[in-house]
Each structure stands twice: as structure tokens, then as C-alpha cells.
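K.L.:
This is the feature table in TrEMBL:
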- 29-357: domain 'Aminotransferase class I/classII large' (DOMAIN)
- Lys216: N6-(pyridoxal phosphate)lysine (MOD_RES)
Amino acid sequence: MKSIEKLFRPAVQALEGYIPGEQPQDAGWTKLNTNENPFPPTPAVVAAMREAAESSLNKYPDPLVTSFRKAAAELFDVDPEWIIPGNGSDEILTILFRTFVDPHETIAFPYPSYVLYGTLAEIQGSKYKHLALNADWSLTREAIATAKQQKMVLIPNPNSPSGTVWTTEEILELVPEQGVLVHDEAYGDFRTESISRNLLDSDVGKQIIVTRTLSKSYSLAGIRFGFAVAHPEVIAGMRKVKDSYNCDAISIAAATAAIKDQQGMREHVETIRKTRQSLTASLAKLGFHVQPSQANFVWTTHPERSHAEIFEALKKRKILVRFMKFPNAGPELDQLVDGLRITIGTDEQIATLVNALQEIM
Ligand code: PMP
């Protein structure tokens, strides 16, 4: 056989494939590129993982992840039937595509935002549209009209890479007439005020799916755990397409302990918010423009200097930030074709970054 690739589904043959941020495996990096939490998970979480490791790993885990669903339901003040956990919120997104989107259908998401949405649409064999943004990252009128016609609309809120937020009213305008809206709250805990309750309680609440991750605010990117909050009719459909045992026993133990330890999570979030403020001020002093952020990262651009060069100069010093390019962002966002997204680290990591930038600039 000449080429196995010819046997791939056409949608897969055409696929470029999603490239996640760099994850260097050697020591010594100041890693500010993939929005991880710089602090370790809280002691209660580590203890729960240890306990799970020492008991019944020979058995399959609970397919419905009851312990976690109960704890998350309490937090969101809903019945556990409103919660479905997954192997990271990326898996929840995959489940949503498999539940709602057929190959001939179209989905939409803001551009620039989370690139994976487009890749998931391509894997599914479906089409996607970009929702155009104004220079201040607000949605254009045209974007709102487009959103209404889609089968599924995905909105990261706070958005990545900008860290900007949309209000309840703005989100409700985007709910498709004959489809669903995925409100991706990967960075929701860093936001000043949560809007998930407003969305789920609205007239179109049944068409809204809130997604969350434990990778960011709960310091658990390493175990892969996320979940969705939605009307039980939605959850019932999602359950039909998920893998039987999509969450493993150790992750379930960690995630359940983490979500019960709200105080531990909040303390880390508060520290990160303060450091975000000080990094914003330091970058401004160095002549950068910094988009006001409600996430655990900032989007920054410099009016004169090459972002690619700054990225490379930092990398030489073993400091990793994310250089991001968004070609064809449309006339409104021309000046934002590329830039740097910097994850908020510890105060020490941010001091290392700012010292390096002072040398480079
Ligand atoms: N949504 C957004 C907007 C993200 O930036 C990320 C992290 N890359 C995710 C979802 C996925 O997070 P995870 O799979 O770690 O839960």
C-alpha cells in the first residue's frame, strides 16, 4: 500500500492538527505560556489522590462520577443531574461537538479566541465561521447576526488571548435561534463576577452549556479534569456519547477534594489577581500596551518592537511566554495580528520576566 494517509477520512486528511503550547520537559524554565496555575494543588487535594492511589485501582471508576457531581452541584446550586465531568474541558468540548453538530452544520466562535474550536469542527467534518471583533475585543453587529444562525456558538468568557469579558446581555444576544451556546468558563474563577447563574436562569437557559476546568484556578492541569453545567436534558444527550469511563479514579478523587476546597482555590486566585496588576503596571512602564484582563494571563503588544523577537529573546533566557499570530483578523483587529500572551506566575517568576524585558527592550 502506497499511502495510509489516503485511507484517513477526508476531514482528517485536510486537517492541520491543533498544536498546543510548548511543554518543555527539561528543568530551569520560567514557564508563562499555557495559563497554568503557578501554585501547587492544596494539601487536601494531594491527600485525596494518595488515598485513591492506595485503594481499589484494580476496579473501574464510577462512570457517572457521583462524588464530584454532588460537590459541583452544591457549588452551582443545582441538582447533580445538571453536571457532567470530563477528561479536561477539552473533552467536554469534544462531547458537545459529537452531541450537537452534524457534518453539514456550521458553528461559530469569536476570532481571535480559542483555536481548538475550529479544529474540533474540522475533525467533525463541519464548517465554522469567525465572529468578527472590534478593536476593543467587543463583538461587531455582524457577529451577533451570524451567531444567531448557527447550530453551536462557542464563547470563551473571559476570552483568550485577550482576557477580556462579555456581559450577560452581550452573551444572551448570541444564543442561536435553533442551536446552543457553549459558555466556556475555563478562566471563570479569575473574573470579578460570575455570570453562569444569570445565563442558566435566563429564558434561553436550556440552550446554554457552561463549561469549566480544574486546570487553571484549581492548579490541576496535570490530572485533566473539566465539567459542564447544563439542563438535565442536555446532560442526558452528552452522556450518550461520552466514553464509559472518561474520568479516572485518581482524577476524580483530586477534583472532588479540589472543588470542596473553595477557600484554598480563592487564596491562589487572589494572589494571581494582585500579581496581574503589578505585571500590567511593569509592562506599561516598558512601553507595552496591556489589554485589561480578568483572567490569569495578559495580552500585550508593543507599538514599535517585533513580538516574535521579544519572544525569542525571552526564550534564550529560558523564559517561555506565548507568541500568537492571528492572520486575517479583519480590518477592525489589524493592529492585533500578533502579540504576546503572558501567564501570571508567582511574584518571583514575574520579577524574572520583567528583569529580562528590561534588558531586551
Ligand atoms: N477553554 C479555553 C478557552 C482554554 O484556554 C483551555 C485551555 N487550553 C481550555 C478550554 C481547556 O482546558 P482543559 O482541557 O485543560 O480543561
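FYI, residue positions are counted from 1 along the chain as it appears here.
Quick reminder: no glycine exception, Cβ is built from N, Cα and C everywhere.
TrEMBL: automatically predicted annotations, no manual curation.
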K.L.:
Could you list the residues of the same chain, at least six apart in sequence, whose Cβ is under 8 A from the Cβ of Lys216 (N6-(pyridoxal phosphate)lysine)?
P.N.:
Asn35, Glu36, Asn37, Ala186, Tyr187, Asp189, Phe190, Asn296
K.L.:
What kind of secondary structure is the residue listed as 'N6-(pyridoxal phosphate)lysine' part of, going by DSSP in three states?
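P.N.:
Reduced to three states, the DSSP call for the residue listed as 'N6-(pyridoxal phosphate)lysine' is coil.
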